[in-house]
Structures are given as structure tokens and as C-alpha cells.
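**Q** Below is a structure I'd like to ask you about.
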Amino acid sequence: MSTKNFRVSDGDWICPDKKCGNVNFARRTSCNRCGREKTTEAKMMKAGGTEIGKTLAEKSRGLFSANDWQCKTCSNVNWARRSECNMCNTPKYAKLEERTGYGGGFNERENVEYIEREESDGEYDEFGRKKKKYRGKAVGPASILKEVEDKESEGEEEDEDEDLSKYKLDEDEDEDDADLSKYNLDASEEEDSNKKKSNRRSRSKSRSSHSRSSSRSSSPSSSRSRSRSRSRSSSSSQSRSRSSSRERSRSRGSKSRSSSRSHRGSSSPRKRSYSSSSSSPERNRKRSRSRSSSSGDRKKRRTRSRSPESQVIGENTKQP
């Protein structure tokens with residue numbers, strides 16, 4: 001069969017023998033070249049495109065021939081001599097890939113592998129972590145635990161039974177039983193009593209000297225305080241005398257003012273009578289108004305009532 005007239009259709013298979021590699025029709029059960037039977041290992045062929053045929057070639061008016069093929073993925077029409085599509089590089093004849101579903105494609109969940117896990121009552125779980133109920137507890141057979149405890153107790157007893165001579169524990173007792181005559185304990189007591197007496201005497205002397213110095217230091221301070229008190233008393237007496245003199249002068253001034261006012265009041269009718277007799281009635285009115293403005297409304301009334309009387313008195317005085 002010539003390669004030009006060879007056409008691959010769906011279902012054709014390739015011989016599983018690597019040396020042979022012959023492409024057989026889908027209807028054959030054994031290889032046409034080597035005679036090997038068809039097995040599951042044989043890879044199926046898949047056509048990436050189909051020939052357009054004579055009808056479409058005639059419609060193209062000489063642009064395409066009947067052997068040209070159309071791609072199945074992008075529907076581009078390619079020449080017959082091309083083994084791959086000119087647009088998407090899809091092969092004209094390709095091997096059919098096995099669809100296992102592990103890559104996320106078609107038939108993904110058909111053959112699912114389940115991992116069987118057995119729940120055990122052991123100390124650790126499937127991830128190697130210690131279970132909560134076994135945390136903080138010694139897990140193991142009772143016999144093993146007893147053996148461990150027995151070994152620990154035996155080790156402690158052996159440690160206690162070891163030779164203790166190297167530690168020299170009796171040296172303290174020997175030191176307590178030693179001769180204490182060389183230390184003179186009575187002499188130390190006498191020295192302590194003498195020291196206490198001398199300390200008391202020195203304290204009494206220091207207190208007496210301190211009292212004397214304090215009395216001496218207090219004497220100039222007391223004299224200063226006395227002088228200050230005297231100066232304060234003298235200043236207070238002077239201020240009092242000044243205040244009393246001021247009060248006396250003020251009282252005298254007030255008395256003199258009152259007496260002068262009384263004298264003025266007594267002499268006013270005479271002056272008014274003389275002035276009224278000598279001056280005109282207009283002047284008397286002006287004077288009475290000026291006096292009434294200074295003394296108040298009551299004085300105005302008095303001056304008005306007295307003005308005609310003063311004129312009568314003046315006339316009477318003129319006549320002998």
C-alpha cells in the first residue's frame with residue numbers, strides 16, 4: 001500500500017513490538033507485518049483531521065484538492081502534505097492517550113484509590129502524635145513499671161550503703177569536745193562589762209557638754225529676742241501715742257469747726273440786717289439764693305421767710 005493513499009481512521013492501532021511499529025486497521029486482531037496479537041498495550045491511533053473530499057474541493061474553485069484535510073481543533077484546512085496543522089500544530093495522526101483521570105481530565109473519578117486506615121488503641125495516632133488520653137501518663141505493662149520501680153529503689157539503697165568515711169562527718173563532734181580553756185570566755189565577759197560602763201560615762205559627759213553649749217547658745221538668742229520685744233513694744237507705744245495725738249487733734253478741729261459754724265449762725269441775722277438795710281433787694285435775693293444752694297432746701301425757705309422781717313428790723317433800727 002502506498003503512503004499517499006494511506007488514510008488513518010479512528011480505532012487503528014500500532015503494533016506493541018518496538019521493532020515493528022506497524023499501523024494496523026481497527027478490524028485486525030493481529031499485526032499484519034509480524035503477526036503479533038493485539039493486546040491492551042497496543043496504542044490506538046487518532047486522526048487529528050479529516051479530508052475535505054471532492055465536493056468541497058470543487059466549491060473552492062481550485063484552491064484546495066480532495067486530499068487536503070481539515071483540523072478538528074481549529075477547523076483550519078491544511079494541504080495534504082502537511083503532517084501538522086498550520087494554525088494550532090495539532091498532528092494529523094496522533095496516538096490516543098490513556099485517560100486515567102489523575103490529571104484532572106475526563107473520567108477523573110472512575111478508578112478512585114481508597115487508603116484503608118485502621119483505628120488502633122495505641123499510644124500514637126496515624127500522624128505520629130501522642131494521643132490526649134496518654135499524655136502525662138506512663139504507658140506500659142504493669143510488670144515493666146514494677147521492674148523500673150524496683151531498680152530505682154535498689155539504686156537508692158546502694159547509694160545509702162556506700163562508705164561515708166570520705167565525708168569526715170565526725171570532725172564537727174571532735175571540734176565540740178576540744179579544750180576550750182585557751183579561749184578565756186570569762187575575760188571576754190569582763191571586758192564587755194567594762195566597755196558598757198565606759199560607754200555610759202562618755203554618753204553622760206557628752207550630754208552635759210551638749211546641754212551647756214545649748215544654754216550658751218540660747219543666752220544670746222534670748223537677749224536678742226528680748227531686745228526685739230523691747231523695740232517692738234517701744235514702736236507700738238510710739239504708734240499708739242501718735243494715733244492718740246491724731247485723734248485729739250481731730251477732735252479739737254471738729255470742735256473748733258462746730259464752734260465757728262455756731263458763731264457764723266448767730267452773726268448771720270445781724271449781717272443780713274445790715275446788708276439788707278444798706279443794699280438793694282436784688283442783692284439780698286442773690287445772696288439768699290447762693291446760701292440756699294449750699295445749705296439746701298430748708299435754708300431757702302428760711303431765707304425767704306426772714307427777708308421781709310429783716311427789712312422791717314432795719315427800718316426800726318434807723319428810727320431813734
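Glycine is treated like the rest: Cβ placed from N, Cα and C.
Features from Swiss-Prot:
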| type | residues | note |
| --- | --- | --- |
| ZN_FING | 9-40 | zinc finger |
| MOD_RES | Ser9 | phosphoserine |
| MOD_RES | Lys18 | N6-acetyllysine |
| MOD_RES | Lys54 | N6-acetyllysine |
| ZN_FING | 65-94 | zinc finger |
| MOD_RES | Lys92 | N6-acetyllysine |
| REGION | 117-320 | region 'Disordered' |
| MOD_RES | Ser120 | phosphoserine |
| COMPBIAS | 150-163 | compositional bias 'Acidic residues' |
| REGION | 151-320 | region 'Required for nuclear targeting' |
| MOD_RES | Ser153 | phosphoserine |
| MOD_RES | Ser181 | phosphoserine |
| MOD_RES | Ser188 | phosphoserine |
| MOD_RES | Ser193 | phosphoserine |
| COMPBIAS | 196-210 | compositional bias 'Basic residues' |
| COMPBIAS | 211-224 | compositional bias 'Low complexity' |
| COMPBIAS | 232-242 | compositional bias 'Low complexity' |
| COMPBIAS | 251-273 | compositional bias 'Basic residues' |
**Q** Helix, strand or coil for Lys54 (N6-acetyllysine)? Use DSSP.
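**A** Where Lys54 (N6-acetyllysine) sits, the three-state DSSP reduction gives helix.
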**Q** Restricting the comparison to the modified residues Lys18, Lys54, Lys92, Ser153, Ser193, which residue's C-alpha is spatially nearest the C-alpha of Ser120 (phosphoserine)?
**A** Ser153
**Q** Looking at the modified residues listed here (Lys54, Lys92, Ser153, Ser193), whose Cα lies nearest to that of Lys18 (N6-acetyllysine)?
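**A** Closest candidate to Lys18 (N6-acetyllysine), judged by Cα separation, is Lys92.
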**Q** Which one is it, among the modified residues Lys54, Ser153, Ser193, that lies nearest to Lys92 (N6-acetyllysine) by Cα separation?
**A** Lys54
**Q** Could you give me the DSSP helix, strand and coil counts for the zinc finger (9-40)?
**A** 0 helix, 6 strand, 26 coil
**Q** For the compositional bias 'Basic residues' (196-210), jot down how many residues DSSP puts in helix, in strand and in coil.
**A** 15 helix, 0 strand, 0 coil
**Q** Hey, how far is Lys54 (N6-acetyllysine) from Ser153 (phosphoserine), Cα to Cα, in Å?
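**A** Answer for this pair: 104 Å between alpha carbons.
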